[in-house]
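Q: Before I ask anything, let me first share the structure, which is written out below as C-alpha cells.
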Amino acid sequence: MTTTLITHIINPLAYIVPVLLAVAFLTLLERKVLGYMQLRKGPNIVGPYGLLQPIADGLKLFIKEPVRPSTSSPFLFLATPMLALTLALTLWAPMPIPYPITDLNLGVLFVLALSSLAVYSILGSGWASNSKYALIGALRAVAQTISYEVSLGLILLSVIIFTGGFTLQTFNVAQESIWLLVPAWPLAAMWYISTLAETNRAPFDLTEGESELVSGFNVEYAGGPFALFFLAEYANILLMNTLSAILFLGASHIPAFPELTAVNLMTKAALLSVVFLWVRASYPRFRYDQLMHLVWKSFLPLTLALVLWHLALPTAMAGLPPQL
C-alpha cells in the first residue's frame, strides 16, 4: 500500500508541483525580460519586485466564470485544455533530473510521440470553439507542429546515432568527455529553432498572431480552461529547453559535486528559456509561407543529409583497425 502511494501519488506530485511552480515564475520572468528590453519595469506592484504576480494571475483566471460559446461543442470544448495540460505534464516522466519518474528504454521516442499528440488538443479546441478565427489558428498550428515534428525527429535520430541509445540517461554518459553541442552544432541550431516552432513561440507564433487572428485557437477560452492552455504552453517550453540541455549541453552530473546534478540541469534549462524570451523580444513574426519553406526546403534536406553522413561515416570506418 505504502509503495503504491509513493509510486502513484507522491512521486508524480513531486514532479508536477515544481513544474507548475516553475511555469508560474517563467511567466513572470517573461514579462520582466520583455519589460526591461522595452525600457520599462514589468510587474512590480504585487509583492516584492512583483514576485506574487503569477499567483495573483492564476487566482484571477481560476475564479473567473468560464464562459462557453452557445454554439460550441460542450464536451470537447472543456476536454481539450485538460488533455493539453495532461500531455504537457506526462512528458516530464522520462526526464532524468537526475532520476526519471519512469525509467523508459525508449524515452526519446516517448517524448516525440506525446509531443505529437498535443496537436489533437489544439485541433480539438479550434474546432470545438465553432469560431472561424479559432479554426484558422488551429489549422495553422497543426500544419506547423506536424511540419517541425519531422525535422525534430530526424535531428533526434542523428543525435541517437552519436550516443548509441534511446534512453535519455545515455546522453549523460555519452557527453562526459565533450558536449554534443561542439561536434553537432548545426543539429543543435536547427533543433533549437525547431523547438521554438514546435512550442508556437515568437517568431513562429503564427497560430496566435494577435494582429491577425485575435489570439488563435484559444480565442473563445476564458478563465480556468484558458489558464490550462497557458500552463500547458509554458510547461512545454520548459520541457523542450530541459530536453535541449540533456541532448546537447553535456552531462548534468558533475563528478566532484554529484548533489548539484539537478541544479546544473535546471540552470542550463533556465538559460535556454531566457534565450526563448530574448528571441521573442527581438524578432518580428515570420510570414506563413516563409515558416513552411524554412522547414521543408532548408531544415529537411540538411537534417536528412546529416543523418546519412552520421550513418555513413561509422560504417565506412568500421573496417579500419583501432590503432590508426
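Here the Cβ of each residue, glycine as well, is placed from N, Cα and C on the backbone.
Residues or ranges marked as transmembrane segment by Swiss-Prot: 9-29, 43-63, 75-95, 106-126, 146-166, 177-197, 237-257, 259-279, 299-319.
Can you tell me where each of these features sits in the structure?
A: Beyond the ends of the transmembrane segment (9-29), by six or more residues, the same chain brings 43, 50-51, 53-55, 57-58, 89, 92-93, 101, 230-231, 234-235, 237-238, 273-274, 277 to within a C-beta distance below 8 angstroms of the stretch.
Within the same chain, residues 24-25, 27-28, 31-32, 35, 223-224, 226-227, 230 sit at least 6 positions outside the transmembrane segment (43-63) and bring their C-beta atoms closer than 8 Å to a C-beta of that stretch.
When Cβ-Cβ distances below 8 Å are used as the criterion, the transmembrane segment (75-95) is approached by residues 15-16, 19, 66, 68-69, 101-104, 107, 110-111, 114-115, 117-118, 120-122, 124-125, 127-129, 168, 220-221, 225-226, 228-229, 231-233, 235-236, 239, 242-243, 246 of the same chain, each at least six residues removed from its ends.
Nonlocal intrachain contacts for the transmembrane segment (146-166), taken as residues 6+ away from its ends with a CB within less than 8 angstroms of a stretch CB, comprise 105-109, 112, 115-116, 119, 173-175, 180, 183-184, 187, 190-191, 194-195, 197-198, 247-248, 292, 295-296, 299-300, 303-304, 306-307, 310-311, 314.
For the transmembrane segment (177-197), the residues of the chain that approach it from at least six positions outside its boundaries are 144-145, 147-148, 151-152, 155, 158-159, 162-163, 171, 203-204, 240-241, 243-244, 247-250, 272, 275-276, 279, 291, 294-295, 299, 302-303, 306, judged by C-beta separation under 8 angstroms.
Panel annotation: around the transmembrane segment (237-257), residues 19, 22-23, 26, 88, 91-92, 95-98, 111, 156, 159, 168, 171-173, 175-176, 178-181, 184, 187-188, 191-192, 195, 198-199, 201, 264-265, 268-270, 272-273, 276 of the same chain, lying at least six beyond its termini, place a Cβ under 8 Å from a Cβ of the stretch.
Away from its own ends, the transmembrane segment (259-279) comes close to residues 26, 29-30, 33-34, 37, 97-98, 192, 196, 201-203, 237-238, 241-242, 244-246, 249, 252-253 of its chain (Cβ-Cβ under 8 Å, at least six residues beyond either end).
Tertiary proximity for the transmembrane segment (299-319) is limited to same-chain residues at least six positions away from its ends with a CB under 8 Å from its CB atoms, namely 150-151, 154-155, 157-158, 161-162, 186-187, 190, 193-194.
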